[in-house]
Amino acid sequence: MQGTNHRVRQRVATLLLALPLAVQATALPAAASGRPEQPDPAQGQRLAEQYCGRCHATGPTDESPLPEAVPFRELRSLYPLESLAEALAEGIVTGHEAMPVFRFEPRDIDNLLAWLATLDGTRD
């Protein structure tokens with residue numbers, strides 16, 4: 001009986017020691033496992049609609065609700081994507097008080113830029 005009890009305790013101890021490693025291994029993001037996550041243009045569009053759509057046109061042909069707000073489809077022709085990435089990371093600050101200051105996380109920036117890259121960019 002004592003030998004069985006000892007073996008059970010050893011197995012429990014081994015499982016308890018292995019549990020944190022198993023949890024950590026399953027919680028690793030795809031990027032850490034060697035597979036970089038691809039930007040999601042659909043998520044970028046959702047972010048633009050959520051945070052910017054009140055003033056800027058986010059569709060392929062719609063007008064901006066705020067006439068002086070540049071439609072997103074025109075941003076690529078006005079600014080290099082690299083400049084937009086930097087502005088999104090550092091925080092977009094504008095000259096008028098109607099636009100709030102935005103600062104996006106790197107993943108959100110990648111998603112927004114991926115979506116912007118899908119837009120036509122021609123002016124109507």
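In case you wondered, yes, glycine gets a Cβ from its N, Cα and C as well.
Where the annotation comes from TrEMBL, it is an automatic prediction and has not been curated.
Per TrEMBL, domain 'Cytochrome c' is recorded for 39-120. The region 'Disordered' annotation in TrEMBL covers 29-49. According to TrEMBL, the feature signal peptide maps to 1-25.
Looking at the domain 'Cytochrome c' (39-120) alone, the prediction's average pLDDT is 87. The residues of the domain 'Cytochrome c' (39-120), classed with DSSP into helix (H, G, I), strand (E, B) and coil, number 41 helix, 2 strand, 39 coil.
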